[in-house]
Ligand SMILES: [Zn+2]
């Protein structure tokens, strides 16, 4: 059987991930993401009003025109997890394919909300839920399987397409977490089994390939957070925290420790309400019944007023704005645009790392300076990454023993340390280690 990989997006930079695998006559698409920085840089652009082709030219969504060179039928569109660089283009591109969107329950719910908020593109593909450990037939000879992985969002999976020529493992976005705060540990046992059955190709996320050692577990970030929060337990002024809204495990830790230090947690900001509300509705997390979640500007400001009236020392606002996004809650607080007044010595906890990208770095710098000018003390980097470092990459190659490897989810510069690592393990660039760009085809078997 002919097996061919189209590397469509995410092979020149992190963002707008999309890869298609053709096995015989069947094609499966993995991820359909957005490159958020290409959108943010035009601060007057409303992507929901733009045509797909203009968004492609802008570099915001994958250039899927190469799909017309793949001779087969698309049988499924499979996003691996709910981050926007993996699902953000579904609402703008999926209608071009007559195929269902297949994803884990939390991811499907986020896809559904995304499609609903951008109805004008007319995406009406069926939405099919499939959990980790489950399989689905793709055509007559191929099978799709979801393997449980751990990442900085719940319900993440790595999809595997089993073909008669061996498995194609799409390995984007995971860390090797054996003690996650929510959900099951990464299923290394299954990866090793798949390795023994035979892997034709492994597509790997190179985000942290240049970093030595191992990415710590989420339970390490949780302990770090506990240490910080306990150390300021006796402070009698304002304490505010921010993190990735979609990072439900981290939000859960913040909520729990707020209670431990005698403060009432409250979630503020549109995306805080969206992700935590969805996770709670789907029973992924059990928040205290009286946990307030407010997204609309008016209800947020009303809550801030209540906090000021009842005493800042009684509350623990968890807000949006960890990257200094101009319209997020923490940035508005820094600019003095909310009823919440910061005083000298108030604490601001960033349970996040700055995403290393110039727009984010600039905005985050500005946000921290504005908060500092009001007297806030900053605690940053209370965080662990969601992506494998070198020893994790080594373990994955050792478990899977793939015949071919394709580095992904990075720039050419970002691929370099992964290429060194893979060559150390016996692969050779140009032979079985395929360094590629957006819009290429790689034929694995004839
Ligand atoms: Zn991700």
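Cβ coordinates are placed from backbone N, Cα and C, and glycine is handled just like the others.
Note that TrEMBL annotation is computational and uncurated.
Note that the coordinates shown come from a computational prediction; the quantities given were computed from them, not determined experimentally.
What TrEMBL lists as domain 'Metallo-beta-lactamase' is 15-224.
Annotation source TrEMBL lists Zn(2+) 1 binding site at 81, 83, 151, 173. Counting every protein chain shown, 25 other Cβ atoms lie within 10 Å of the Cβ of residue 83 (Zn(2+) 1 binding site). According to DSSP, residue 83 (Zn(2+) 1 binding site) sits in a coil region rather than a helix or strand.
Per TrEMBL, the feature Zn(2+) 2 binding site maps to 85, 86, 173, 409. A C-beta separation below 8 Å, combined with a sequence spacing of at least six in one chain, links residue 86 (Zn(2+) 2 binding site) to 17, 31, 32, 33, 79, 80, 172, 173.
Annotation comment: TrEMBL describes 383, 384, 385, 386, 387 as substrate binding site. Counting Cβ atoms from all protein chains shown, residue 386 (substrate binding site) has 24 others lying within 10 Å of its own Cβ. Secondary structure at residue 386 (substrate binding site), taken from DSSP and collapsed to helix, strand or coil, is coil.
Least packed by the Cβ count within 10 Å, out of the binding-site residues 81, 151, 383, 409, is 383. Annotation: 173 carries the greatest number of neighbouring Cβ atoms among the binding-site residues 85, 173 [cut-off 10 Å, Cβ to Cβ]. Closest in space to residue 384 (substrate binding site), of the binding-site residues given as 81, 83, 151, 409, is 151, taking the CA atom of each residue.
For residue 383 (substrate binding site), the nearest of the binding-site residues by C-alpha distance turns out to be 151; the candidates were 81, 83, 85, 151, 409.
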